[in-house]
Amino acid sequence: MIRVIMLLVLVWMTPMISWATEVVKDVSGQKVEVNADQLKRGKRLFNTHCSACHVGGITKTNPNIGLDLESLSLATPARNNLDALVDYMKNPTTYDGSESIAQIHPSIASSDIFPKMRDLSEDDLYAIASHILTQAQIQAEKWGGGKIYY
């Protein structure tokens, strides 16, 4: 009887699970809902294009600066919202915002040097940014926290 009830609950919840959304913010602080398909796409793209250096939200080249919300919010300009992260993926700058690092960080601006970036559309960049911000919310300090968590 319990198995039947559990099965019925699972069947009943399946449509709700597929419509699940996460909430991230845009540059004005407005909440933006991101659906499960967008998050799945963002995760796939992140794993393909970003995880060589940012697995688990860390930054292998500078472990002091991760993709956690605190680090993103302390950057200049702040990178803790969708639009700012997309802007960074197009034209990356140093953490203090003073210099372009497009020649050493994969970006749309340097797609001639980093061919993996050539095929990314604006929607792809937003999907990746959604994945990063969602992971930062869900995993909290584990996302970008470095090897103390892995």
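Keep in mind that glycine also has a Cβ here, set from the backbone N, Cα and C atoms.
Feature annotation from Swiss-Prot assigns heme c binding site to CYS50, CYS53, HIS54, HIS105. Here CYS53 (heme c binding site) comes close to THR59, LYS60, THR61: these same-chain residues lie at least six apart in sequence, with C-beta atoms under 8 angstroms from its C-beta.
The signal peptide annotation in Swiss-Prot covers 1-20 and is backed by sequence analysis.
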Determine which residues of the same chain, besides CYS50, CYS53, HIS54, HIS105, have their CB within 8 A of the center of the CB atoms at the recorded heme c site, and list them by sequence. SER51, ALA52, THR59, LYS60, PRO106
Cβ-Cβ neighbours of HIS105 (heme c binding site) (radius 10 Å): 20
How many neighbouring Cβ atoms, not counting its own, are there within 10 Å of the Cβ of HIS54 (heme c binding site)? 18
